[in-house]
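Undergrad: The structure follows.
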């Protein structure tokens, strides 16, 4: 299995509920790198990169997010891998 990299956008009740924090924790558990940033329109943009199995598990988790969030829509597409290591939030 190779590496995969996706940029993901999630909408719903995803800001002010710990979404980025829990996303970072889950990504690090899965050995992924990337970021989770709040956007001005109330959505969250996430870049995830790493082993295919971990990325696929993360995509499944992001469909629902943490218990504190309510994801109403999710879109993703392949993207270049991040320039930096680790997993960052704004």
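The backbone N, Cα and C atoms fix where each Cβ goes, glycine too.
The feature domain 'Acylphosphatase-like' is assigned by Swiss-Prot to 5-90, with sequence analysis given as support. Sequence annotations record features per position, and here Swiss-Prot assigns active site to 20, 38 based on sequence analysis.
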Undergrad: State the Cα to Cα distance, in Å, between residue 20 (active site) and residue 38 (active site), rounded to an integer.
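TA: Given the Cα positions, residue 20 (active site) is 8 Å from residue 38 (active site).
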Undergrad: On the 0 to 100 scale, where does the mean pLDDT of the domain 'Acylphosphatase-like' (5-90) fall?
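TA: It averages 97.
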Undergrad: Could you list the residues of the same chain, at least six apart in sequence, whose Cβ is under 8 A from the Cβ of residue 38 (active site)?
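TA: Set apart from residue 38 (active site) by at least 6 residues yet with Cβ under 8 Å, we have 15, 20, 44, 90.
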Undergrad: Including all protein chains displayed, how many Cβ atoms other than that of residue 20 (active site) lie within 10 Å of its Cβ?
TA: 21
Undergrad: Based on DSSP, tally up the residues of the domain 'Acylphosphatase-like' (5-90) by helix, strand and coil.
TA: 22 helix, 35 strand, 29 coil
